[in-house]
Amino acid sequence: MALILADITTNTELDLLPILIGMLGGLALFLFGMEQMSTALKAIAGDGLRKILAKLTTNRFTGAAAGAIVTSIIQSSSVTTVLVVGFISAGLMNFSQSIGIIMGANVGTTMTAQIIAFKVTKYALLLIGTGFSLSFFFKNERLKHYGNMIMGLGLIFYGMQLMGDSTAPLQTFAPFIDFMKNMDSPLMGIAFGALFTALVQSSSATTGIVIVLATQGFLSLDAGIALIFGANIGTCFTAWLASLGKSIEAKRAVAVHIIFNIAGVVLWFFFIPQLAEVVRNISPQAAALEKTARLAAETPRQIANAHTIFNVTNTFVFIWLVHPLARFILRLIPDAPASPDKQDKTYEPKYLDESQLQTPALALESIRLELIRMGSSTLNITHKAIDTVIRGDEQAMKNLRDMDNIVDSLHAAILSYLGKLSSQALDEKQAAAMHRYLSAANYLENIGDMVETNLVEAGYDRLETGLQISQATQDVLAHFHTEVSESVKQAIDALVDNDHHIASEVIHAKPHISHLANEAEKHLSRRLTAKEPQRVVAFHLESEIIEHLKRMYYFAKRIAKLVDTE
């Protein structure tokens, strides 16, 4: 900071309004550009984001690499954490595996600082124009995404240029210079960086402003490092807010994020001068420049490199402590005890987090996981249907209807989530997946309604008329029901696993199902001659059950066709 003071003449009067307008406008363009670039990168990556996390989690090291790769693409460690929570809940990874991903996510966020440290602001408008041309004049979806990515990058640099130009008059403003002197105190710098990041809820915004101030020569390297450390703590507040009211898994993931970030800052706090010296030695130098000009030329890249070294080193150190950390978090945030007073959580969606909507590939994965739950509930009532209808009492009928309420509730939640997803920019493949999931949810709900409305009504009719279905007919209906239920199960398996072979089996089961239906109807026709009371009434009731089971197979076949025609 002494270098800055030696190179400027101060004044105490300045019109702050143009500076404030320039800063706010530039920051808005910077954040909008970040969002634009992130959205485009997510669209380009598509389903690869989920596949990377699903495949590269065999151990803590590949998990950290996966977290870094995904976060460098989506530029949001919180979105990565949300996806990880969904994987834990689905049983696709354990809590210890998720810790490596969360640590790696911090490394991925350093890409922001590295990008904005490039001094290419004079090309910002060229990037915006080039990106807009690709997005506006070409019909190819992938080219449009690349255009949006380039335009977003241009907006980032243009926003930084506006912020830099607007803050230039502060170089001679004594109160601001006095304030910036305080940033040389590590504790003050960390506190201010944390507070500002917590207020704006964006560590990228803090990083951008720190780089801008460095390009104007306002910040020494030590002060910039302290502010970046503070941003790492401040982003914990954002993560904590996002975890309020969320699942136990989400709270544990956020706890890892908070402990990791704060512990990392504590670890480096007393070594800021040493880190600064290392960074100066490995970063490009502008030896031809002097004083403030040299500081402004060298510091932005040095801060970006310090940010990267800080996060990479922290990840390397703490990755060896994954299992002890996992045990500590599990003790700190244990599973919630079962409470009969609490509303049954099975009625509520488990994976449909609205924060994922801006990343369609992740949102579609959330819907798939929720469809698995809905399919499981549908199978549950399907399996119990025939026994309840032909032998159950009134309470059993009521229980079956209550079970369908779960299916109805999840169906409504999935449709609402799909409606919100439809307003996002989807590529052709994502739009097709969205419509496929919409149809699947409707067909699953139709199967549930066949049980809840039609079969249960038939069961109530049996109770009201006092009918006794013969053992032979019970066996025929039970066998037909077993085959239909198996088709429903296979259709759901084919949907969630995208298994074309199983889907084909369901579709080609139609002749077999039709044969069983015909055999059951022949059996009922032969039973018409039986000398039993209410034989005609029983015939109509049993025939209705067969028709309802045939209809259930129809919906199972429709689900299978969603996969087979993909």
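Just so it is clear, glycine is given a Cβ too, placed from its N, Cα and C backbone atoms.
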- Select from 185-211, 536-562 the stretch of residues annotated by TrEMBL as transmembrane segment. 185-211
- Item | Long-range Cβ neighbours of the transmembrane segment (254-272) (under 8 Å; 6 or more residues past either end) | 77, 81, 98-99, 102-103, 106, 186, 190, 222, 225-226, 229-230, 232-233, 235-236, 239-240, 242-243, 310-311, 314, 317-318, 325, 329, 332-333
- Query: Which residues, given as numbers and ranges, are at least 6 beyond the ends of the transmembrane segment (223-242) yet have a Cβ under 8 Å from it?
  - Reply: 1, 77-78, 81-82, 106, 113, 180, 183-198, 201-203, 206-207, 210, 213-214, 250, 254, 257-258, 261-262, 264-265, 268-269, 272, 275-276, 279, 299, 302-303, 306-307, 310-311, 355
- Message: Can you work out which residues elsewhere in the same chain, 6+ from the ends of the transmembrane segment (123-139), have a Cβ less than 8 Å from its Cβ atoms?
- Response: 146-155, 157-158, 160-161
